[in-house]
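Take a look at the structure set out below.
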Amino acid sequence: MITIDITVESARWNNEKMLYDITEKALKTTMNHLSLENVVSEISLLFTDDKHMAQINAQWRNKNKSTNVLSFPALPLKAGDPPGLMLGDIIIAQETVVLEAKKEGKSFQDHLTHMIVHGILHLLGYNHETNDEACQMEELEREILLKLSINDPYAELS
């Protein structure tokens, strides 16, 4: 079982129950898909706004702009490594996720779910630094999202 800790830092995120439900469903589906359903761990999510996300992105990645999701693993895992007692932290910026969903013709909840799955995979050691890593991570995202009845987020990008 994984304990989910959610902090809502922006009034733009106006439905904490919906955030918890989406996170729980995305987390369970991801962990089951990776055969990690028996892991005992904890994950923290911060739902914030673009202004705060830009500050965090500048501080930790030297990029002075907002982004959709940032992940900070508790341990430096490689893909396939067993996670520890703390998975890590995921931060999601509301305005960026809303804008991307509209631009890509997706529902907000589907895109948010994708960002949470993406963040969880980063916490579990998956990356997209190389072409091979990106292909592996995107394929996992497609498979997990399909189990959540969400269309391929990369279909129009391929």
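Every residue gets a Cβ built from N, Cα and C, even glycine.
Residues annotated as Zn(2+) binding site in Swiss-Prot: His118, His122, His128. Cβ environment of His128 (Zn(2+) binding site): Ala134, Met137, Glu138 lie under 8 Å away, each six or more residues apart in the same chain.
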Binding-site residues listed as His118, His122, least Cβ neighbours within 10 Å: His122
Three-state secondary structure, which DSSP defines for His128 (Zn(2+) binding site): coil
Assigned element (helix, strand, coil) containing His118 (Zn(2+) binding site), judged by DSSP: helix
Non-site residues, in chain order, whose CB comes within 8 A of the mean position of the CB atoms of His118, His122, His128 at Zn(2+): Val69, Ser71, Gly119, Leu121, Tyr126, Asn127, Met137, Glu141
